[in-house]
Every structure is written in structure tokens, then in C-alpha cells.
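Novice: Here you go, one structure.
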Protein chains: 2
Amino acid sequence: MPALRSWFSIPRGSHFSLANIPFGIISTQSSPTPRVAIAIGDHALDLEAFAAGSGFSALSTIQPHQAVFSQSSLNAFAALGRPVHSVVRKYIQSIFDADTQYPEVLKTNSTLQKQALLPLSEIQNHIPFFIRDYTDFFVGLNHAYNCGVIFRSASEALSPNYKHLPVAYHGRASSVVVSGTPIRRPNGQILVDPAAAKKEPTYAACKKLDFELELGGFICKANNMGEPVSINDAAEHLFGIVLLNDWSARDVQAWESTPLGPFNAKNFGTSISPWVVHSDALEPFKTNGIENDAGVLPYLKEKNESHFDIQLKVDLKPQSSTSTTIVSTNGKHLLWSYPQMIAQHTSTGCPLNVGDLLGSGTISSTDRSGFGSLLEQSENGKVAVKLSGGEERHFLQDGDEVTISGVCGSDEDALVGFGQNVGKVEPALKI
Amino acid sequence: MPALRSWFSIPRGSHFSLANIPFGIISTQSSPTPRVAIAIGDHALDLEAFAAGSGFSALSTIQPHQAVFSQSSLNAFAALGRPVHSVVRKYIQSIFDADTQYPEVLKTNSTLQKQALLPLSEIQNHIPFFIRDYTDFFVGLNHAYNCGVIFRSASEALSPNYKHLPVAYHGRASSVVVSGTPIRRPNGQILVDPAAAKKEPTYAACKKLDFELELGGFICKANNMGEPVSINDAAEHLFGIVLLNDWSARDVQAWESTPLGPFNAKNFGTSISPWVVHSDALEPFKTNGIENDAGVLPYLKEKNESHFDIQLKVDLKPQSSTSTTIVSTNGKHLLWSYPQMIAQHTSTGCPLNVGDLLGSGTISSTDRSGFGSLLEQSENGKVAVKLSGGEERHFLQDGDEVTISGVCGSDEDALVGFGQNVGKVEPALKI
């Protein structure tokens, strides 16, 4: 399929081509109230301003709902449902199309261009959804296996349930923040000497601060309590995807996680990228995930592949040095897909709400260069990870900046990208 | 201290004496918009109506904030802070006092009495807070020990961290419901024969449905991300307490919980009692919890006792039979207090928000009659629990009604009670 051509200047290689149209929440210095926008090339199209300037005049479907674009989160827009998102997204593509049927809307309307098309360098991104509940899955099989080898053994690496259900735990919604928010190194309860027979914990700064490369999926359709979502309907519940960094305090985690799983080791911060790539934009990049040889139960069995072929990488930049790409992997390295996660989450009748966030779990390939955390790359601190500036890392140091990026496709004029998810480590509070 | 006397008729033995004044959210058939109220004897005082009828005319502190009483949750009122709650609660007590200084406000104002004093039998209770995040602790030491013995052994019953930190996991906020909401037996992924070497799971109705007797604490003061709450300040963050039933699907839990803890086994429903007993009302009932012999780290060390002496019981009523009290225990059987839970939760910088709910974990005494779940009472289905009507239970059956109640004090004219937390088990959906 040839790339869509636009009358608007979209730089080659932009993550936000006309094939994408991701949604987010923005503000500007002169107009500080957060509102809905899409990203296109180096610009955001402010949909509140676009609507106010009769931008949707040729799209009657959306006219009764235009107030959703003035909201400070995508929740109200998302709740309109995937068919409405599709119509809006296609309409915006048609407005930017070189041969648009509606040139008067924007192409020849320099007033509205000035009001609604804002350089990305001049906007502030906000968290795209009000997230009531955040769940973190653990469906990156290679990551689960690597962790199992580190903490147990190769033969006991995966728990017996692992290939039968998408394993997950409830996460902390209040500490999900948008890319760019600094992450303070947590203090936490840590075992002084994990090998000692007598357990002597202390409250100290985390010494094993880590990132985790994940996808995050946003829910756009609620289900009632007591009413599971069928695997066949689950794709309609997924608004779209962001890049997620599940910052982790490995020393806190090792001590606290038995028997109820990670808690303080994760709840100090989770970063997401600001532009939500819509499910429609990801359609052409659907692919198979990791093959499941365990026999999937009918309530989790899908008719079609529904993983995403997303090239993912993590760059690490020390405070006073250059950046190194330390992870290169792909979003398809998951055992369970988003529809399967949604079916499992609701299988007992748990109600999902619009705006809920589902983390995928850490994504790792089978080779070390594709391991999605320092825990795996350094084998829990045993092996140094070399950086291009001559430094090395076992875990994150203060001042380190971690950047996750992701993109679908190879046609430089038609990339469907996620932009960046950036977070910088600040020193711990003095105790 | 002699009981406060009221001009208003408060039945002896009422949970809602003048010493209590718990807060909740109510509606009526004729006025269906939820709003703030307090409970007193057999009545609710509708604080929206009370405010509209100049009820707060003698309390200037609250006048700029009266809109909080028209909200559909207690969040805005709670956010005013404990000093404001104290003033409001004491003022309401003074209005109902037999020798009130302000008889014209309500005592001799039959119009406002008619507008604002509503029989509890004529009101509908709603969930008292908008709960953004729900955390479930596990600080009932006897329960943790009993579970450890059932699933491991007496010598390995408690995890090594147990006495060093309040163990917790993040729960599911969206499925927290108010007392009276039916709980549908979940379907879930369950192991057909847990003893078999080959693991063969199935998706079927839960056969081991259970209750858990817990307290729930609501947060009234937020902390910023990255800024822990000191143990000495933590009590100011606790608005009050409710009774919580952490419904649990034990067969789902046994299969799913390794390695990340319970998820689907808990997220189908959590019930809370509707009237939140304020921290001030609980002050006279402060007591010591279970002694911690492990040496508490300074960041968790309290100056004063801050557990609550609450007599707790659970009644089970089969569909066609009478009710039996199957659990009698006390709220003090916890290893860690609410201030300690708050200090631990925020120790890594996790932000708590107003309206967040913290479950205590199941409360059990050391004797069987005080075990707070059927898992413990039946030793995971091995021992029958006898009911008065001649029936017996290993786990809950369809139609069973579980009622948790709790009360502080013994003076029948000055009880500080929680009322009831009732939930009835509905049959599972056909698969």
C-alpha cells in the first residue's frame, strides 16, 4: 500500500505519519487547559481548536460529541467506541490528504492552521487517560523465563500456570506518569545481606533500580461486574497502545514479594508515552506472538493473530555522557495478546472501565541484546552492561536517562510510531 | 465517661449512638441524587438538606465548604482534613445533645427535622468514597499463619519478611461495592486435580468461594509522589474505618497466585459497609495489636498504640435456613496498625490519594471460632463448619448470605458501631 500523501509537511521518518494519527492530551503556555489533540509530523492538531473552528463541519457523526475534545483526558472520547474513533481518525486523514475533498476545512484555511496546528516543541504533553485501575501482566515469556532462571533454575523457571493463563497482578494507578516526569530513586525496605541466615532488613536507598520495557494498552469499553468479555469481542475494548516503563526496585522486590507479589518495588513510578497509537493504526502490523504449546482453553482461544509487530528499543544516557541503545526487541515477543489479557482479566467478572491501563509485562527477545530489563542484561548485577561512552551499568545510577521508543513499519513516509517514553533518575531523598 | 444524652430518640444498643456519628452517602426514592449524611440511631441526617436548612448556621468554619455535602462521595469532605471533620462531628453531636446550645437549629425546628432526618429503612446507601486505588494488606498474623500452615507447614508458615514490614498487594478498585450488592459466584481458571503431575486446568464455576473478614481504612490526606508519609504524621491521613469482605475464590487463587499473588481470585468483588466510622470516634477504643517480637525499623515505629478494639463477627445464613454466627473475633488481632500501613505504603514514595482504601487483611484470633475465613475454619475444605439449622459448610453455597458486623464499647447507650456489611452469593453464569 503506497503511503498517503499530505499537503502538510510531514518529515520523512516521522513516527507520526498520516498512517498513524495517535491521540493525546496537550496544553500550551498561552492556553494551559489540557485538551485532546492528535500528532502529525512535527505538530499537534489541537482538536478543541479544530472543532471550535468548524473543523468537523463535514463530519456529522461527531458533531453532537465535540465536547469530548475539550476534556482533560481521552476517557470521554474513548468511551464513544471504536467505530466513532475510526470515523474521526479517517476524517482527519482525509483532511490532511494531498487531494482532500475538503480543502476549505484546513488546507486553505490559514486561520485555523494557525489556531490548531501547534509545533510539538511548543506543547506540553499530559497523561492521556484518567486511569482508575492499572494492571500489569507478565506475558513476556522470555522475560519470565530469564527471571525464573535468575531466581530459581532453568527447569523451574516458569510457574506451572504460565502457559495456561496470562499471569498478572494489580498495579498502582496513582503513580502512573507521563513521559518526561523525573523518577526519584526510592528508599525502601531492603535486606542487608540476602544470603545471611538471620534476616536483617534496613530502610535505605534502592541499590538495584531498573527499567522494564513494556507495552501499555488502554481500555475504551467497559464491562459490567459479573459479566466477562468474550475473547471474540475483546478487541473492541482496546483503544490503543503506548510504551510503558515499569520502573522496578529489584532489592525491595526480592525481599517483599513473597507471598503476595511486588508492591513497593513498583508503586513509586510507572511512565507511559504520551501519544496513544490507536488500534486501527496498528491493524496492518498484526502478527503472531510466541507460540503457545500448552493447549489454550476455549475462553482464551483467538481466531486471528492479534499481536503487534513493533520495533522496540531502549536507550540509556548517563548524566554526562552519550546515549547507548542497550535493548532492541519487538512487541511480538509475548505469549498472550491484548484480547487474551482482556478475556482473562474479566473471566471472573472483574469490571474494566474506560481508561484502565493494562501493562504487557517486560518484553525480551531470546538474545541478550533484546532483554528488556537490566535485571536480565546484568544477570541480577553479575555481568556489566557496556555503554558507548566507556561507562558500564549493572543497575541504574542517578542522572541516568532511560528512553523507550517504538515504531511499526519500514516505509519512512508511513511509519506508525509511538514517539518516546523518557524518564530520568533523580537521587533518593536523604533518610 | 457517661454517655451523651440526646433529645432525639436513639434506641439503646444502636450502633449509631451520639458517640459515633459515622459518615456515608445516601439517596431516597423521592430524592435520588446521592449526597452526604451521618447516621444517628435509626435515622440518617441528610447533611445536604441540613446545610440547606441553615443547619450549620452556628458553625462558621464549614460555611464556605457546604457544597461538599452535596457531592456523591465523601472525597471532598474528607479532603478538608481531620481538624475540619472533628469540628463538624462535634457540632453535630452538640446539635443532638439533650442540652444543646442551639435548640433552634434542629431540636425545636420540626420543618428541618422532617426534611433532613430520614429513617434508615427509607434510604439507600451508596459506596461512600470514589476509590481510585485499593490496596489489601495481609497484617492479620493469625490468618497469615493459618494459611501458611495449610499451604506449607507450621515451620514455614510465615514468610521471612512478615514481621519486618506490613505485607500488601494492590487490589482492584473497580469491584469494590457497597454492602447489599449481590456477589456472583465467579467462573475462573481452576486446576481439575491439583495433585496430578500433569497440570490440567479448566474454566469452571468456583467451587471454593470464601469470605474474608477485614477492616478497611479510607485515606483523607494525599501525599505527593516521591514523598513518604512519616509514621508520626500517618494518623492524620486516616479518615475512618469500615468493615470489608474480601470475597475470595480459593481454587482460582491456588492456581494463579504463583509467582505474582492473587488476581482473578479477588477481583470479582469486595464489599464494604456503608457508614464510615471516623477516626475521632475510634479514639477511645485504641489498643495494642499483636506484639511484634522482630524489632521494628524506625520508619515503622509508633509512639502510641493505634489498633482498635472492635468486636467483630460474621454470620452465615443459608438461603432457606436461619443465621449462625460462625466467627467472633476482634479488630486488634493485627500485627501492624493503620499508621504503619500508611508509612509502609508510602515508604518508596507511592502517592496515596483521598478516597484510597486500605484493607487490613483477614482478621483471625488464635482459636478456631475466631478464624476470619472458611479456608481457615474448614482447613481448606477438610473440616465441616456446623450451622445452627443443621446444615454444614466447607465453602459458600449459592444463596448464602454473609453478614459482617462490628462494634466498639459495651455501654448500650454509647456504642460506636459499624452496622452491617451484607452480601449474598448468586449462582455463577452458565458457561
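Every residue, even glycine, has its Cβ placed from backbone N, Cα and C.
Quick paste of what TrEMBL says about this protein:
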- B:His143: active site, proton acceptor (ACT_SITE)
- B:Asp136, B:Glu212, B:Glu214, B:Asp246: Ca(2+) binding site (BINDING)
- B:Phe138, B:Arg152, B:Gln253, B:Thr362: substrate binding site (BINDING)
- B:Asp246, B:Lys266, B:Thr270: Mg(2+) binding site (BINDING)
- B:19-128: domain 'Fumarylacetoacetase N-terminal' (DOMAIN)
- B:159-406: domain 'Fumarylacetoacetase-like C-terminal' (DOMAIN)
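Neighbours and distances for these, please.
Specialist: B:His143 (active site, proton acceptor) falls within a helix when secondary structure is assigned with DSSP.
Of all Cβ atoms in the shown protein chains, 27 besides its own fall within 10 Å of the Cβ of B:Asp136 (Ca(2+) binding site).
Counted within 10 Å of its Cβ, the other Cβ atoms near B:Phe138 (substrate binding site) come to 24, all protein chains included. The secondary structure of B:Phe138 (substrate binding site), as reduced to three states from DSSP, is coil rather than helix or strand.
Residue density at B:Thr270 (Mg(2+) binding site): 28 other Cβ atoms are found within 10 A of its Cβ, drawing on all protein chains shown. According to DSSP, B:Thr270 (Mg(2+) binding site) sits within a strand segment.
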Novice: Tell me, which recorded positions from B:Phe138, B:His143, B:Arg152, B:Glu214, B:Asp246, B:Gln253 are within 10 Å of B:Lys266 (Mg(2+) binding site) if we use the C-alpha atoms?
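Specialist: Correct set: B:Asp246, B:Gln253.
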Novice: Among the binding-site residues B:Phe138, B:Arg152, B:Asp246, B:Thr270, B:Thr362, state which ones have a Cβ less than 8 Å from a Cβ of chain A, giving them in sequence order; state 'none' otherwise.
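Specialist: Of B:Phe138, B:Arg152, B:Asp246, B:Thr270, B:Thr362, the entries that lie near chain A are B:Phe138.
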Novice: Counting other Cβ atoms within 10 Å, pick out the least crowded of the recorded positions B:His143, B:Arg152, B:Lys266.
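Specialist: Ranked by other Cβ atoms within 10 Å, the recorded positions B:His143, B:Arg152, B:Lys266 bottom out at B:Arg152.
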Novice: Using only C-alpha positions, which one of B:Phe138, B:His143, B:Gln253, B:Thr362 is spatially nearest B:Thr270 (Mg(2+) binding site)? These are the recorded positions in the record.
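Specialist: When the Cα distances are compared, B:Thr362 comes out closest.
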Novice: List the residues in the vicinity of the Mg(2+) site, defined as same-chain residues other than B:Asp246, B:Lys266, B:Thr270 with C-beta within 8 angstroms of the site's C-beta centre.
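Specialist: Apart from B:Asp246, B:Lys266, B:Thr270, the close residues are B:Asp136, B:Gly171, B:Arg172, B:Ser175, B:Glu212, B:Leu244, B:Asn245, B:Trp247, B:Ser248, B:Asn267, B:Gly269, B:Gly359.
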Novice: Going by Cα-Cα distance, pick out whichever of the binding-site residues B:Asp136, B:Glu214, B:Thr362 is nearest to B:His143 (active site, proton acceptor).
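Specialist: Checked the binding-site residues B:Asp136, B:Glu214, B:Thr362; minimum Cα distance to B:His143 (active site, proton acceptor) goes to B:Thr362.
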Novice: What same-chain residues, at least 6 away in sequence, bring their CB to under 8 Å of the CB of B:Glu214 (Ca(2+) binding site)?
Specialist: B:Asp136, B:Gly140, B:Leu243, B:Leu244, B:Asn245, B:Asp246, B:Gly359, B:Ser360, B:Gly361, B:Thr362, B:Ile363, B:Gly372
